[in-house]
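Annotated in Swiss-Prot:
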| type | residues | note |
| --- | --- | --- |
| BINDING | Y159, H192, E263 | 4-imidazolone-5-propanoate binding site |
| BINDING | Y159, N336 | N-formimidoyl-L-glutamate binding site |
| BINDING | H260, D334 | Zn(2+) binding site |
| BINDING | H260, D334 | Fe(3+) binding site |
Amino acid sequence: MACKFRLLLENAEQIVVVCSKEEEYLLEDGMQHLAILEKASLVIGNDGFIKDVGPAETIRNQFSNASFENIIDCSGKCVLPGFVDAHTHPVWAGDRVHEFAMKLAGATYMDIHKAGGGINYTVEHTTTASEEELFCSFKHRLERMLRAGTTLVECKSGYGLKLETELKMLRVIERAHQELDIAVSSTYCGAHSVPKGKSAQEATDDIIANHLPALKQMALNGEIHVDNIDVFCEKGVFDLDSTRKILQAGKAIGLNLNFHGDELNPMNSAELGAELGAHAVSHLEEVSDKGIAALAKAKCSAVLLPTTAYILRLKQPRARDMLKAGVIVSLGSDFNPNAYCFSMPMVMHLACVNMKMSLKEALAAATINAAYALGRAHTHGSLEVGKQGDVVVINASRWEHVIYQFGGHQELIEYVVIKGKIVYKNENVLCL
């Protein structure tokens, strides 16, 4: 009896496997030599994992007696790994479109924050929103990310600050994890800002004494699954000492460290992340040479967010210096009310133009390296045999089009596949 498989992607012009030796991440040199197959096919099994990838003729012969639930003719098209968005804030109510004009007029992030806008504005609206309202808007945002090719996304809480609302946000993220196809890495970010009426020290004590024990108990009860802990380490928010205490307490209950650092001011956050064994530190616009060296030595990923630097007119993260120093560079959209971007193709484009990354470097940073930052490089980030069958099919004969195009990806991405299941089929694809 012939074996049955879930999906065959056949006759692709190019399949960008990314890695070929089970690498957990790629450094600068490895990024220049991405594994790319020409005239190739890929097979995904009924368990949702990749069974084979190789020359189209070879796959055709090896699977001549097999049957497939679905077959996609990829002639003239390219196949890439599903994109991994390593940093987002997608659960909230109350958009901040009105603040965009303020930014254009010269107001800084902290100007808006101190005036009661920014995070505080979103906290007020998120606190009053129902769990169902938050889930509905969150679901739609994840669907838009998926249509732009993202198949694994890191999702933070952090617009509650008080325990009850933080737990509400984490329950919303857990529901998405249970009900939706897109994969989620859940991050507790209760230290995103200092709540009104509290000092940073009081907020730190509250998080350690009350928030984290509640998270631990809910996790033990199977109510939520939280992967990471985040702190906004910044002047006027949580200083280095408070950040250290919160991260250490989170690590003690089994959370991975993945936090905001060196964004608006040099805080020695990168050095702290390296010291504590963090999986990743995000932003790093103001990182020092010493911090870059520390990240490289510790194999702590730098999650760079070109959207934030672009929108806030910050100095660009030093991607080239980091790559040359041996840092594992990853990318994220930083989707939030302040940086309203769902599209990893757009993030990669900005990384190339503004941060001087190459096309291959940007793709590796948005796939295997972003997966590494989330502790998922063993399942995501490349199209190697044994990994989860998460795939993006674009209607172009060269894979670079997904970064080269400045927008318009809704007419380029033809299929998005998760675990071998076609979760998005674009009926409006146009020829180049």
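Any Cβ shown, glycine's included, is placed from N, Cα and C.
In this entry, 4-imidazolone-5-propanoate is bound by Y159, H192, E263, whose most widely separated C-alpha atoms sit 19 angstrom apart. Neighbour counts of Cβ atoms within 10 Å were taken for the binding-site residues Y159, N336; the minimum is at N336. Spacing of N336 (N-formimidoyl-L-glutamate binding site) relative to Y159 (4-imidazolone-5-propanoate binding site) is 10 Å (Cα to Cα, whole number). Non-local neighbourhood of H260 (Zn(2+) binding site): D230, V231, F232, C233, E234, S269, V281, S282, H283, each in the same chain, at least six residues away, with C-beta under 8 Å from its C-beta. Cα spacing between H192 (4-imidazolone-5-propanoate binding site) and D334 (Zn(2+) binding site): 14 Å, rounded to the nearest whole number.
In the three-state DSSP scheme, Y159 (4-imidazolone-5-propanoate binding site) falls into the coil class.
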